[in-house]
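Novice: Here's the feature list from TrEMBL:
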- 76-167: region 'Disordered' (REGION)
- 94-106: compositional bias 'Low complexity' (COMPBIAS)
- 155-165: compositional bias 'Acidic residues' (COMPBIAS)
- GLU301: active site, proton donor (ACT_SITE)
- ASP434: active site (ACT_SITE)
- CYS498-CYS527: disulfide bond (DISULFID)
- GLU541: active site, proton donor (ACT_SITE)
- GLU569: active site (ACT_SITE)
- THR658: Ca(2+) binding site (BINDING)
Amino acid sequence: MLSLFRKWKQLSRLQRSLILFLLALLLIFGLLSYPSITEQWRGLSDREDWLELNDREVKTILPDVKSVLGQAADKAPAPVAGPHVEPALGPALRPDVGPDVVPDSVVEPREPNIPILAKPPTKKKTFPNKRGPPSLQKDGNISDTVGGEKQEQDVVQDGEGEEEDKEKKIVSWRGAMIEADQATEPPPSADEKEAAVPRVPANPANTVPLEVSTGTTVDRLEAVRDAFRHAWKGYKDYAWGHDELKPISKSFGEWFGLGLTLIDSLDTMWIMGLKEEFAEAKNWVEKELSFNKNVDVNLFETTIRVLGGLLSTFHLTGDQLFLDKAKDLGSKLMPAFKTPSKIPFSDVNIGKGTAHPPRWTSDSTLAEVTSIQLEFRELSRLTQDPQYQEVANEVMRLVHKLPGKHDGLVPMFINTNSGQFTHKGVFTLGARADSYYEYLLKQWIQGGKAEDDLLEDYLQAVEGVKKHLVRQTGASRLTFVGELSHNRFNPKMDHLVCFLPGTLALGAHNGLPGDHMDLAVELTETCHQMYKQMETGLSPEIVHFSLQASDGRDVVVKPADRHNLLRPETVESLFYMYRFTKETKYRDWGWDILQSFNNYTKVSDGGYTSINNVRDPVNPGPRDKMESFFLGETLKYMYLLFSDDMELLSLDKYIFNTEAHPLPIWPSPPK
């Protein structure tokens, strides 16, 4: 050892430095060749390595989201194959069933017996289940319109790159604004949301994509029932009697405290023949539902969800309980109409009997004041009390003669003091205006096609849409409906606009021009592509369309618009299109959507969750909310789409409100 030291000292400084450098290099190469240390040195920077490690570590923290199609928390014996079992319906649909009779013939619950397979070897830099050509898999730019959840949606901003408002506002899913302090809990910040919901893949790498048969009509109907039962299980276990389920955290969200999900689901359960679930919900309505509470509610949302749900359930069951509750609620909503202009306020305190606009404006959105008419008119017809129909019809008379329209298109806001349009020059069929156009047609049909002003306004609006808002993409010539802002066209389309094909088809079915149906066919294809071209098979909240063929793509989805809220509009239009054309492709498209919901939004312990990113099948980002309309609308329209019984809620006898609650069409008045 001493001799080695002497030899070392005899070397020159340059020689010693060179030897030390070579030794250091050998040490580094040796460390890099050791895999466990390599991962730490690389900092898990590779996205797939991170996901693989995170997938293993985080399952013990949040094992909720499952991607296996049809998997449920409880197992039931598989039913014996047989003919389609007709849903049990009330006297309005089946004359042989009495008013208080609960259906006694229900298909036994079942769950698909699909195994969870072993985890395959992980491959780096692969993204399974991608849909659409590579050009559609690129990220877009920051959105110029930030979409959000129905109640917790940010205020819409104009112009790309603008920052979000510091103060969040609670916005209704159709655009009706509610004051933020009405919520039982403040909307979380972006950081809080990130902390509250760990990034857990909804389609983890430890499952193998399963081949699923398209199935028969009965199989598809039962699959929808299974989905409903799974959603209902989560609501019953963790949110019973509250407004909304938070399936990831196994808790609930409160908006008005009126059991929104339960009321929204009543007629769906009756139509599906789920008599046990219906009986439990009816018992809650009878014993727990009260409108004598000091709470602000949104006139529009409460009307379409609660009043509409109670009225439709009365018609289907003949049970007086639901009409009595509807009358009680209707009377408590009337203070909203006590305004100088007779245009109603957006908010009502149902306990105090007072009403007011939001704090930040005296405006109401046009959709919220013109999409309550079906329900208020029907309440007057049933109670023989004209006050409800009078106030609702007065709003339509005022809007009919207002200046500021653009070839039948209307601005998004109306002032409750002056009764005039505000924020003129901006026209959309998306949030804040959409259901105005829907209710023009549906009121005309509801009233026996006798109200010419409604028909006139609807026909003018459709012509305005075709003239100013309809365009085609440059690449595949997809027809879409954009927006107009002070004569500047914006190729932006909300998923909400996908109600329009169904409405156009309904009008054509009722004798309106045939080119309405032509446009409906084209728009339905576009709404289908909004799902098909996404990697998860689920549509984003908002899309932008490319008008240039040189772009090589049709759809651009900006990062802020990539969320999916379990919305019903496309399935709604698929239902109408199948009823009127009998083309099976509409059913197949609906089946694809149901499978995508099961793959990316189904939560193992019960419920479904909205997601943050439809472009990322590995980590779609659960948002921990199941909107009430998923049960009230999406699954109801899905069930009706797959049903072979064309008399099940015949479109010649019933009209659906904008929350999918069926109300009867009135007999035509004598001429």
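The backbone N, Cα and C atoms fix where each Cβ goes, and this holds for glycine too.
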Novice: What's the number of neighbouring CB atoms sitting within 10 A of the CB on CYS527 (disulfide bond)?
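Specialist: Taking all protein chains shown, CYS527 (disulfide bond) has 28 Cβ neighbours within 10 Å.
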Novice: Of the recorded positions CYS498, CYS527, GLU541, GLU569, THR658, which one sits closest to GLU301 (active site, proton donor) when you measure Cα to Cα?
Specialist: THR658
Novice: Tell me which of the recorded positions ASP434, CYS498, CYS527, THR658 ends up closest to GLU569 (active site) in space, Cα to Cα.
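Specialist: Considering only the listed recorded positions, the nearest one is CYS498.
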Novice: Could you measure between ASP434 (active site) and CYS498 (disulfide bond) for me? Cα positions, answer in whole angstrom.
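Specialist: So the alpha carbons of ASP434 (active site) and CYS498 (disulfide bond) sit roughly 10 Å from each other.
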Novice: Expressed to the nearest Å, what is the distance separating CYS527 (disulfide bond) and the residue listed as 'Ca(2+) binding site' at their Cα atoms?
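Specialist: The separation of the Cα atoms works out to 18 Å.
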Novice: Would you mind reading off the Cα separation of GLU541 (active site, proton donor) from the residue listed as 'Ca(2+) binding site', to the nearest angstrom?
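Specialist: Here the two Cα atoms lie 18 Å apart.
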Novice: Expressed to the nearest Å, what is the distance separating CYS498 (disulfide bond) and the residue listed as 'Ca(2+) binding site' at their Cα atoms?
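Specialist: The separation of the Cα atoms works out to 13 Å.
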Novice: Would you count the other CB atoms within 10 A of the CB of the residue listed as 'Ca(2+) binding site', including those on all shown protein chains?
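Specialist: If we count other Cβ atoms within 10 Å of the residue listed as 'Ca(2+) binding site', we arrive at 27.
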Novice: Counting every protein chain present, what is the number of Cβ atoms, excluding its own, within 10 Å of the Cβ of CYS498 (disulfide bond)?
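Specialist: Neighbour count, Cβ to Cβ under the 10 Å cut-off: 28.
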